[in-house]
Amino acid sequence: MARREKNPIRATVSMKIGLSDSLLAFVNNYVRALRFSIFWMKENVKNPNEKGTLSKVHEGLYGKLKEDYNLPPKVSADCYRDALAIYKSWYNNPKRGRFPRVYKPTVWLTPKRSYTVDLDRMVVKITSVGELPILGYPRNLKEYANWDMKEARLTIRDGKAFLKVVFEKPKVKIQPKGSVAVDINMSEIVVGKDDSHYVRIPTRLHESHHFKTLAENLQKKYPRRWKENKRILHRIRSFHHKAKLIMEDFARKVGKWVVEIAWDLGANVIKLENLKNLIRNVNKLSAEFRDKLYLMQYHRIQYWIEWQARKHGMNVEYVNPSYSSVSCPKCGRKMVEIAHRYFHCPSCGYENDRDVIAIMNLNGRGSLTLSTAPQMRDVIPNR
C-alpha cells in the first residue's frame, strides 16, 4: 500500500457545470440519504470515536442507502462517510449545540469512482448522472492538469451547479541556492536580497481604509436609523465588504508577485518575519492606526506568499524580526534616524531607508546563515 505523502500541496478549484434533471434528482436523493444516516448514527452509534465504528456504519447503512435512496455503490459509501464526519464533528464539540441538520444540497464525491474530470474535453462525468459540460472555470485551471484529483464537493446554489475539486501534489525537497526577504509595512511591501536588488510594492491600504471610513461615517450620521433602515444597512455592509475584498485581492496578487521577484533574483527561499503576537498590545495604539493594522491583514499576506511559494517549489522560512529596521546591516550597531524613515549608522557611516535595511537584516538571518537567534514573541508593527 502506497504511503500517504506528508504535508502535500493542495488547491481547491471551483468549476461551474451544466445542470440537468438527472443531476437534481441525484443531489436530492443524496441529501435525503445523508439526513437519514445522521439520525441513524444518533440512535445506533453512541461513540463515533470507538474502533470499528466505520465497519458498523457500513453494515447498517450501505445496503439501505443503495436500495431505498437509489444511490450508486460508491456514492452510498461516500454518503455514510460524509454523515459520520458530520456526526463526529458534533460529538467531539465540547459545547455541542443543536443536533446537526442538513439543508444545503451538497454531495461528497470520490475521484475515479464517483466522478472524473476531463480537462481536454472540458467535461465532468458523475456516476449515475453522466457527462456534464464545464461552463465556467478559473483562468489558471490548466496549471493543475498534472496534479492528482482528490475528493470533490458538488453544490447547487441559485439554480446553478458547482463542482469544487481538491487538487494535490507532493511537496518537493529543494536545495537552497539563494534567498530574498519580505518586509511588510502599511504603505509598501519591500522584497529583495540587498540594497541594490529590491522591489517596492505599494499597498492598497488607503483604498480599503477609505471604504471603512465611509461605512463608519454613515453609522455616525444615522446613529439609530442605520440598524433598522435596510437601504442604509445595505450601504454600510457594501462598504465594509469592499474594504475586505480590496485587501484580499491585494494579498493574493502579492503572493504571485513575490514569487516572480524571487525567481528574477535567482532565489528559491523566501524569508518572512515571524509576527507571532503582533496585536497583543493593540489597545495601546491610536484608533486610526488600530483600524489600519486590522485591515492590513499581515498574516493573510504571509499566508498567500507561502502558498504561492510552495506551489512553485520554493521554501519559506520565518525569521526573527527583532531590531531588523534599526540595526546596521554592515556592522550590527544601532542606527540613528536622520530623516523620516531614513537611518544613519554613527559607527560605519552606512545610510539607507529603514525598509531596505530591514530586508538586508532579515535576509542575513535564518538557516542559510545558521542563525541561533531566539524567536521573537512581541513585535511592534511598522507604520
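Every residue, even glycine, has its Cβ placed from backbone N, Cα and C.
Applying an 8 A CB threshold to same-chain residues 6+ apart, the list for C345 (Zn(2+) binding site) reads C328, K330, C331, R333, M335, V336, E351. C345 (Zn(2+) binding site) carries neither a helix nor a strand DSSP state and counts as coil. Swiss-Prot lists C328, C331, C345, C348 with the feature Zn(2+) binding site, giving similarity to another entry as the kind of evidence.
DSSP assigns C331 (Zn(2+) binding site) to coil, not to a helix or a strand.
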